[in-house]
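Asks: This is the structure I have questions about; it appears just below.
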């Protein structure tokens, strides 16, 4: 095989692997269906997030205009989350139908994935804008309450990530140590 052919084959393999990873992540990110349990059991972190939002809402003592912006942000977030779920399902269904072809059309798969990513980015931006509009309507005391709540949330997330890293190191460290030991 010539150097040019080897280089081309290597580039194609890298491109296919990259696309496969992207498709795999999108496929793995499929939400749990009704009746299935996601992360953390029934309702998972979505229920926890909802509880945190409700707690924060109760602490803010919003006026009528702020309450309207809160509800708009909440509705936008929910609607966009459902739209993103529908996008992922559509992409999943497209990929499933493409898998039936004898030769995968990687260009079509990539294009479909990019289209969904663009749509989801727009939805995320709409949600961010709605929450920022709400946040910008708050007084300094309310912003301090929100900031404190977010900082606590970030600290909890970091603790969870650290626990996951420790578990991963424990599992993989044990596996590596046992593989290194001669029998």
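Glycine is no exception: its Cβ is also placed from the backbone N, Cα and C atoms.
What TrEMBL says about a protein is an automatic prediction, not a curated fact.
Heads up, here are the entries from TrEMBL:
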type	residues	note
COILED	74-101	coiled coil
COMPBIAS	163-174	compositional bias 'Basic and acidic residues'
REGION	163-183	region 'Disordered'
SIGNAL	1-28	signal peptide
Asks: Within the coiled coil (74-101), what mean pLDDT does the predicted structure show?
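Replies: Overall, the coiled coil (74-101) comes to a mean pLDDT of 94.
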Asks: Counting by DSSP secondary structure, give me helix, strand and coil numbers for the compositional bias 'Basic and acidic residues' (163-174).
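Replies: In the compositional bias 'Basic and acidic residues' (163-174), the DSSP-based counts are 12 helix, 0 strand, 0 coil.
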